[in-house]
């Protein structure tokens, strides 16, 4: 009885009816009339998506949203309330968690609602707002990661000769990140490109299908300043970070050989080891960001350069990978951050990972020790 009722639902009967599984319907048929002016003619050639895809997408986005909000919320809480973690460098970590938190807090529920109705039902204004939030917090995340990479470059490559980051300079960088992000993401509201429904009709994003150069130029310039430039800066920073780490390890091996000892670990060497651990954590986070957002960039470039036909199902994966990125960061820090794990165990014993024996060699505390020491020296001078 239940199965008969399910099969008789309009979405299922529409999907299975007619030639090829569709009764002359398109993916646009369920779109409310007030939204049609935003829908590109490209999408009218595609039949409705299988309702199971909408159900699967809604479920996955819901799960990712819960994990991201809880995970990033805990990162913000623990880094903000644990004294040993309240350092200038970790202000950037908190800002990254804040951006990821807001990404899923503002986007998972609307997408879940639209997946239930199998189309965008929240109106044109919410479509623009949804797309703006996705662009804003995505931009905020990558530029925060860029600032983290530059901070690691400053500490690891330049070492004690570098000017330490203070709370003031960290806050100025965070202010720049958000001012820069807002400036780029409000442009489509003023006519440089626009925010429109994606092909699956349950999410909204930039218009990469309109063929005029006003729209195309925004995608190209935005991609440079919000993707390629920060990515290039990150690669540049980590290239020299890895060079410095390699040179340090080579120096340590030669010193051990000369002194004929199995192990040589001075306080400075332990400090550098902690710096290297943080560099690996940050590099892992950035790699996950790269794999999360690159599919969406490829979809945008495919649209403006017409290299292949973009299907509604393809746009689902672009949206999904981009939003999943907001889940990665708290997991990475939870696994690889001893001091974070120690604070997590203290504040949330039932949720904590098993504490490791090297909690005193925290990646975060090690990462900022050099900066703190330089601050003290400059103050005493």
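Each Cβ is built from the backbone N, Cα and C atoms, and glycine gets one as well.
The structure displayed is predicted, hence computed values, not measured ones.
According to Swiss-Prot, the protein carries these features:
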TOPO_DOM  1-53  topological domain 'Extracellular'
CARBOHYD  24  N-linked glycosylation site
TRANSMEM  54-78  transmembrane segment
TOPO_DOM  79-90  topological domain 'Cytoplasmic'
TRANSMEM  91-115  transmembrane segment
TOPO_DOM  116-130  topological domain 'Extracellular'
DISULFID  127-204  disulfide bond
TRANSMEM  131-150  transmembrane segment
TOPO_DOM  151-169  topological domain 'Cytoplasmic'
TRANSMEM  170-193  transmembrane segment
TOPO_DOM  194-217  topological domain 'Extracellular'
CARBOHYD  200  N-linked glycosylation site
TRANSMEM  218-245  transmembrane segment
TOPO_DOM  246-280  topological domain 'Cytoplasmic'
TRANSMEM  281-304  transmembrane segment
TOPO_DOM  305-311  topological domain 'Extracellular'
TRANSMEM  312-336  transmembrane segment
MOD_RES   323  N6-(retinylidene)lysine
TOPO_DOM  337-381  topological domain 'Cytoplasmic'
REGION    354-381  region 'Disordered'
COMPBIAS  354-370  compositional bias 'Polar residues'
COMPBIAS  371-381  compositional bias 'Basic and acidic residues'
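Annotated features taken from Swiss-Prot, shown on the structure.
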residue : record                      : Cβ contacts under 8 Å, 6 or more apart
127     : disulfide bond              : 35, 38, 120, 195, 196, 197, 204
200     : N-linked glycosylation site : 27, 49, 53, 54, 57, 312, 313, 315, 316, 319
323     : N6-(retinylidene)lysine     : 61, 64, 103, 104, 107, 108, 111, 134
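Here the topological domain 'Cytoplasmic' (337-381) returns a mean pLDDT of 54 for the predicted model. All protein chains considered, the CB of residue 204 (disulfide bond) has 29 other CB atoms within 10 Å. Outside the transmembrane segment (281-304), and at least 6 residues removed from its termini, the chain residues within Cβ reach (under 8 Å) are 96, 138, 141-142, 145, 148-149, 152, 205-206, 208-209, 215-216, 219-220, 223, 227, 231, 234, 238, 310, 314-315, 317-319, 321-322, 324-325, 328-329, 332-333, 336-337, 363. Residue 200 (N-linked glycosylation site) falls within neither a helix nor a strand when secondary structure is assigned with DSSP, and so counts as coil. Residue counts for the topological domain 'Cytoplasmic' (79-90) under DSSP, split into helix (H, G, I), strand (E, B) and coil, are 9 helix, 0 strand, 3 coil.
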